[in-house]
Each structure stands twice: as structure tokens, then as C-alpha cells.
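**Q** Following this message is one structure expressed as C-alpha cells.
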Amino acid sequence: WIMGHMVNAIWQIDQFMDLGVNSIEFDINFDKSANPIYTYHGVPCDCFRSCLKWEYFGDFLTALRHRTTPGDKLYKEKLILFVFDMKTNSLYDNQAYTAGVNMANNIFKYYWNNGNNGGRSYFILSIPNLNHYNLIKGFQETIKSKGHPELLEKVGYDFSANDDIPDVEKAYQKVGVTGHVWQSDGITNCLPRTLTRVQAAVKERDSGGVINKVYYWTADKYSTTRDALDAGVDGIMTNYPYVLNDVLKENAYKNKFRLANYEDNPWVTFKP
């Protein structure tokens, strides 16, 4: 999965698709009542990027629906995975459940078209705080209450704060999550980071733990990209998708890796 990083404006969805991604990540900001209001990163953000692009959340979800509904004139067949990078650190811990309810209501209405032939993409709810595990519960219970539990087959989870893996697993246990788990690891492209924790996450994935997939962010250099692939990640988030596409054509990688497509279940751990 090539994950386009910080795609917060509608026009950037098409820009990143043209650059060769099959997945995009965007930032969700909440108001004081835990309502998701707009896609926006703000300052500081990655080096060499503009941090100030934004859209209203409902408009952005509608744009995503058009691009992932077969038969729509804006349809992009290769766009198969989203990462909702939810900026919940602005909320109190006891608002996490409400944030999950509000995320579910918005996604159900604007992306899933109220359960009527909505967008087909899979997506990851990425949470930056282990104490906000109840967001998952709020999301799941809201979708079930609408009579559409099958839509949860399209939803996965990630805690994105680089916490210790056992602590991450405990947070999932509290809300009964046993699958659909991606583990992220990384840092802004301005700073170097070792792959020690990525390797720990990959080991946990391959030992049959709760983690199904691992992604690394933000890899913009050829060397970092190769190191992440060598560590065995399933996805790489990048500002420059051509770098990863170039590396995947190199002799060392072209027979080991390929771009994921819609038939590849993002919740199933890959077994070579």
C-alpha cells in the first residue's frame, strides 16, 4: 500500500492518485463537542509541504465517495484504502466515545450514503492516544445501531503514537478488538528514526498477535524506503509516491513486493 501523506484538499486526492498511490491519509480535526469538522493538519507539518490545506469533513467524505463508487464519473479504481488521522488530542479522554459516534454518523451519511451503494474503500481509524480506545466502541456501536454491521468489515484500527506494542494490545483488549489492526510507526520526514519499533511490530504481526499489518511514515528518501521494505512493512506513507514506485521496480524488490489492489484484504496478514 502506497499511502499518500496529508491529502487534506479534495484536489489533492486526484493529484496523489496521478502520482501513483493506492491509499491516502488525511487529518481530521474536532470541535469542542467532539464533532469532526474539517480536514486540516496545521503548522508544523512535514518539511517541504504546505500545512494549511483544508476542507469541511462532509464535503471531503462526499468527494471520497464519488471516487470510490464504481460507475461514478470520478471513480478511481486503484483508490482502495484511507487512513483517517484523527486529531483527538484536542479532546478530553471522556469525549472519545462521542467522537467515535460522531465519526460514524458522518461516514455513514456522506461516505456510505446512508447504507445505500456508498463508497467501497477500506479505511483505518487512526487514533493518537491509547486512552481514546472508546472511540472504537462508539464508532462500532453507532454503525450497528443503524442496522449495517456488515459495513464494519471495511473498517480497521491503528494507534499512532509509537507506544509500546504490549500497551497498544491492552488498549484493543479493552474494546474487544481482535483483528483489522494496522500498526503505524514513524516520524515526520524532517527527522531520522530507527526501525527498531517497526521490526518489533513486524515480529508481533508474524507471530499471530493482534497486529495484521504494519506501515511506516513518512518515507521520502530512497534509502529510508528501502530500509522500510527490508524490515517487511505492508505500507509506506510518503509525500513523494514516485520514490516508492521507483524502488519497487528495483531488482531487489520487484519480485518480493507488488502494489495492493482491491482483492487484497487489508485485514489479513500476508503469508509468503
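Glycine is no exception: its Cβ is also placed from the backbone N, Cα and C atoms.
Sharing the record's features from Swiss-Prot:
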type	residues	note
ACT_SITE	His5	active site
ACT_SITE	His41	active site, nucleophile
BINDING	Glu25, Asp27, Asp85	Mg(2+) binding site
DISULFID	Cys45-Cys51	disulfide bond
DISULFID	Cys47-Cys190	disulfide bond
**Q** Where among the active-site residues His5, His41 do you find the Cβ with the fewest other Cβ atoms within 10 Å?
**A** His41
**Q** Among the recorded positions His5, His41, Cys45, Cys47, Cys190, report those whose Cα falls within 10 Å of that of Glu25 (Mg(2+) binding site); none is a fine answer.
**A** His5
**Q** Enumerate the residues of the same chain, Glu25, Asp27, Asp85 excluded, that satisfy the criterion Cβ within 8 A of the mean position of the Cβ atoms of the recorded Mg(2+) site; list them in sequence order.
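**A** Not counting the recorded site residues, we get His5, Met6, Asn8, Phe26, Ile28, Thr39, His41, Val83, Phe84, Met86, Ser126.
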**Q** Within 10 Å of its Cβ, which one of these disulfide-bonded residues (Cys45, Cys47, Cys190) has the largest number of other Cβ atoms?
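**A** Of the disulfide-bonded residues Cys45, Cys47, Cys190, the highest Cβ count within 10 Å belongs to Cys45.
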**Q** Which one is it: of the recorded positions His5, Asp27, Asp85, whose Cα lies the shortest distance from the Cα of Cys47 (disulfide bond)?
**A** His5
**Q** Looking only at DSSP and grouping its letters into three states, which state does Asp27 (Mg(2+) binding site) belong to?
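**A** In three-state terms, Asp27 (Mg(2+) binding site) counts as strand.
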**Q** Filter the recorded positions His41, Cys45, Cys190 down to the ones within 10 angstroms of Asp27 (Mg(2+) binding site), Cα to Cα, kept in sequence order.
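**A** Matched recorded positions: His41, sequence order.
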**Q** Quick check for you: of the recorded positions His5, His41, Cys45, Asp85, which have their Cα within 10 Å of the Cα of Cys190 (disulfide bond)?
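**A** Close recorded positions: Cys45.
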**Q** Can you tell me the CA-to-CA distance separating Cys51 (disulfide bond) and Asp85 (Mg(2+) binding site), as a whole number of Å?
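**A** Their Cα atoms are separated by 14 Å.
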**Q** According to DSSP, which kind of secondary structure is Asp85 (Mg(2+) binding site) found in, if we only use helix, strand and coil?
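**A** Assignment for Asp85 (Mg(2+) binding site) reads strand.
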**Q** What's the most sparsely packed of the binding-site residues Glu25, Asp27, counting other C-beta atoms within 10 A?
**A** Asp27
**Q** For the C-alpha pair, I'd like the distance in angstrom between the residue listed as 'active site, nucleophile' and Asp85 (Mg(2+) binding site), rounded off.
**A** 9
